[in-house]
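Per TrEMBL, these features apply:
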type	residues	note
DOMAIN	5-337	domain 'TRAP C4-dicarboxylate transport system permease DctM subunit'
TRANSMEM	6-31	transmembrane segment
TRANSMEM	52-71	transmembrane segment
TRANSMEM	132-157	transmembrane segment
TRANSMEM	169-191	transmembrane segment
TRANSMEM	240-258	transmembrane segment
TRANSMEM	270-293	transmembrane segment
TRANSMEM	313-336	transmembrane segment
Amino acid sequence: MLLSFLVFLGLVLLGMPVVFAIGIGGLVYFLTQPELQLTMPVQLALAETQNFSLLAIPTFILASNLMNELGVTRRLLRFAHILTGFLRGGLAQVSVVLGLLMGGVSGSAIADATMQARLLGSEMVRKGYSRGFIAALQGFSGLLAVAIPPSIGLILYGSIGQVSIGQLFAGGIGVGILMALAYMLTVDLLARRRGYLPENPAPPMAREIVQALRESFFAVLFPFLLMASLRFGIFLPSEVGAAAVVYALFVGLLYRELSWERVRRALEHSVRDVGMVALLISMAALLGYGMKWEMFPQKVSGFLLEAVQNPKVALLLILFALLLLGCIMDSTVMIIL
């Protein structure tokens, strides 16, 4: 197992994409274990993607791309701008709120951060924000999509860990809001120090808020409808993604933004995104099987129980380990492993 980890880390440090580094590291483990058949890597890679609960991932990805193409993102940006544009560090505060709202649409931190960079990045540079500040802000704002339903990470964790996805969604909303408030406080402190000014001269009037909310109402409502449908048993987790696609098409029709060209672009982006996620799941299955075969999780938990008596200290150690792993691999891979 040590050799597989060394191969994986070495390939990552050499600049190889993480998904291929994990796959090669897992294959090395099977080559060094004569009792394991060499046909198993192929079988594991295919079997890992056949989980029924994972059907929600491609449908949620398609729903989020449809909403992005059908004008939902533009309306959310205007709503966020009206809500927080009057605060110090106006565009930065808008970025945080947009990340919170987009988290309820995209479900992906990478997609959220990419969309924010496309919408706000150049404008923030023009307004005098430093590039480092913009990169850090939009990266952290994208992380809100990890907590806000329909988070792909929560779906994966619920599927692999046999945890209720509906309960994860319910818990994620509160966490996401607290994270957004912490980001906004940090932005305010940095804006005061660096002189980042508000975008709007005065707080919005109630009429402006109502108008912006009316335009983006169906997008803001999306995560709450997901939670309600799961909570009351209207849809299963694997079915609610398909319902989200229908809802996205309905919103596009309602906003008069629906066209074959936009649907085609959404399908193209979705195929690429789903392929990336499926490849990560398949390749991580190889290394994950090796860790199970060596009883690696049991050994780690046994070590923590013996070495650390305080559960809070053990939790801090686990968080520190996840922080280090997050520097070299995607959260999707970490959940699967």
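Sequential numbering from 1, following the chain as shown.
Cβ coordinates come from backbone N, Cα and C, glycine included.
The listed stretches are 6-31, 52-71, 169-191, 240-258, 270-293; of these, 169-191 has the most Cβ pairs under 8 Å to the transmembrane segment (132-157). Panel annotation: around the transmembrane segment (52-71), residues 105-108, 111, 115, 150, 152, 155-156, 158-159, 165, 219, 222, 237-242, 244-245, 247-249, 251-252, 255, 257-258, 262-263, 265-267, 269-270, 273-274, 277, 281 of the same chain, lying at least six beyond its termini, place a Cβ under 8 Å from a Cβ of the stretch.
Across the domain 'TRAP C4-dicarboxylate transport system permease DctM subunit' (5-337), the model assigns an average pLDDT of 80.
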